[in-house]
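Asker: Annotation source Swiss-Prot lists active site, proton acceptor at D8, citing sequence analysis. The active site, proton donor annotation in Swiss-Prot covers D131.
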Amino acid sequence: MLLIPAIDLKDGQCVRLKQGDMDQATVFSEDPAAMARHWVNQGARRLHLVDLNGAFVGKPRNEAAIKAIIAEVGDEIPVQLGGGIRDLNTIERWLDDGLSYVIIGTAAVKNPGFLKDACAAFGGHIIVGLDAKDGKVATDGWSKLTGHEVADLARKYEDYGVESIIYTDIGRDGMLQGINIDATVKLARSMSIPVIASGGLSNMADIDQLCAVEGEGVEGVICGRAIYSGDLNFAAAQAHADKLGAE
């Protein structure tokens, strides 16, 4: 089980939001590259970056911070980025800059043709981010709820060659209420694309539950507020997951 620290970027700083609300941002570091180094030193094997400003305006914003992170750790572990990625030129530029994966969210829902083109052009590098509340997909930085069922949409992406799907339960994100295991497993079982869980990870019990369903197609989990607030020790959690995985 891959535990993936999240570095959410707003105005060049590393922050955490509550339920995607830009007005409820807690700044954890003014040096995102140093934060990236910290998580790698703690045993992270991949990093998850979110360009929050980019997600809201639909084009890259925090470019200096992202490039600094890639320069700091990009040669050591894969780095993935979501937020504001809505055209092929942006994908190409980020991959050329050293990102391993780009995450397409809103654009994958609104423009499946774009997702198909992206997978064809950059196979193996495209992750889809599906954000949902009560099983329904949300877009535009979670500000709009669609009528799409998560599983229906995800199954359509199987033929495209999507690398994995990050499934976020937005009702739980940043609230430390525990991962929605049932919804995550249900999605993973419904298709062949591996799922990365997100939203609400809070303690070792969540890690135990996730490791128990790894065989169902849940390959990782995004770690956010819990590893910043101290509720979860990242190094201990990854070591624990590795131990469970070896049993």
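Note that Cβ sites are derived from N, Cα and C of the backbone, with glycine treated the same way.
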Asker: Neighbour count, 10 Å Cβ-Cβ cut-off, for D8 (active site, proton acceptor): what number do you get?
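Answerer: If we count other Cβ atoms within 10 Å of D8 (active site, proton acceptor), we arrive at 26.
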Asker: Just counting, how many other CB atoms are there within 10 A of the CB of D131 (active site, proton donor)?
Answerer: 25
Asker: Tell me, by DSSP, whether D8 (active site, proton acceptor) is helix, strand or coil?
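Answerer: The residue in question, D8 (active site, proton acceptor), is strand (DSSP, three-state).
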Asker: Rounded to the nearest angstrom, how far is the Cα of D131 (active site, proton donor) from the Cα of the residue listed as 'active site, proton acceptor'?
Answerer: 16
